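Engineer: I'd like to ask you about the structure that follows.
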């Protein structure tokens, strides 16, 4: 179990700290590659939707129906799934729209007063940190269940964290002229994912059993579906043409399907 815990934590940390990659990209380029971002974000959505509905949700249902009976376990699976959606939706609603990490800006759009830019960067970092808490727990729980499921999820979350890193670092860099400060705040916002995993695990450990574990696993599926539909797909559409986003989604589903088949 300790080996699984270590692996799950490392995977979660890698996903969260990819915000630092976004920060570095912001320093070396003056233009946002919208086509690449559109396809990449669509790809992330495809991976997360496919693995949630084809692998995580059925696995949660199997765990719960074995721990309970078929009817009760199936009902709890569905309730936990939509409970996960409700949780991330509430968190999303509590974040002001102007600071919401879903409202991603391109590098070219940041041109305001230094004080306002600094505040924007700091508030975005805080918002992303709050938003990344449940993502961290979702990645961690997936890693505990099966690393082969978690690795594609980590890649998908890492891809969608890159533009969030840009959203934090660009305004802070333009306000202060300090790459170190911009990178630090971007990096710290990503730490919320492994922190969310640690806090969530220690809170749940005293009550952990197959029913709780299965319910959390189903809620993880709900969280990832909501993130995909509410965040990744709209961002993919905003950055590029409609079909680029859809091609990205289909590619993500295909890669995820093949990777799961390889581990059968």
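Any Cβ shown, glycine's included, is placed from N, Cα and C.
Just lifted these from Swiss-Prot, have a look:
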TRANSMEM  8-28  transmembrane segment
TRANSMEM  36-56  transmembrane segment
TRANSMEM  75-95  transmembrane segment
TRANSMEM  121-141  transmembrane segment
BINDING   132, 135, 161, 164, 193  Fe(2+) binding site
BINDING   135, 160, 164  Zn(2+) binding site
TRANSMEM  148-168  transmembrane segment
TRANSMEM  197-217  transmembrane segment
TRANSMEM  219-239  transmembrane segment
TRANSMEM  244-264  transmembrane segment
Engineer: Mark yes when the transmembrane segment (8-28) and the transmembrane segment (75-95) have three or more Cβ pairs under 8 Å (sequence separation 6 or more) and no when they do not.
Structural biologist: no
Engineer: Using DSSP and collapsing to three states, where does residue 135 (Fe(2+) binding site) fall: helix, strand or coil?
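Structural biologist: Residue 135 (Fe(2+) binding site) sits in a helix per DSSP.
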Engineer: Using C-alpha atoms only, work out the spacing between residue 135 (Fe(2+) binding site) and residue 160 (Zn(2+) binding site) and round it to an integer in Å.
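Structural biologist: On Cα coordinates alone, these residues lie 11 Å apart.
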Engineer: Does residue 161 (Fe(2+) binding site) have same-chain partners at least 6 apart in sequence with Cβ under 8 Å from its own Cβ, and which are they?
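Structural biologist: Result: 15, 16, 18, 19, 21, 22, 132, 190.
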Engineer: Tell me the Cβ neighbour count for residue 135 (Fe(2+) binding site), meaning other Cβ atoms within 10 Å of its Cβ, over all protein chains shown.
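Structural biologist: For residue 135 (Fe(2+) binding site), the 10 Å Cβ neighbour count is 26.
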Engineer: Highest CB neighbour count within 10 A among the binding-site residues 164, 193?
Structural biologist: 193
Engineer: Please give the sequence-distant neighbours of the transmembrane segment (219-239): residues at least 6 beyond its ends with Cβ less than 8 Å from one of its Cβ atoms.
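Structural biologist: Residues packing against the transmembrane segment (219-239) from afar: 32, 34-35, 37-42, 44-45, 48-49, 51-53, 56-57, 60, 80-89, 92, 101-102, 104, 106, 134-135, 137-138, 141-142, 153, 160, 163, 245, 248-249.
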Engineer: Using C-alpha atoms only, work out the spacing between residue 193 (Fe(2+) binding site) and residue 160 (Zn(2+) binding site) and round it to an integer in Å.
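Structural biologist: Residue 160 (Zn(2+) binding site) has its Cα 13 Å from the Cα of residue 193 (Fe(2+) binding site).
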Engineer: Give the number of CB atoms, excluding that of residue 132 (Fe(2+) binding site) itself, located within 10 Å of its CB.
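Structural biologist: A count of 27.
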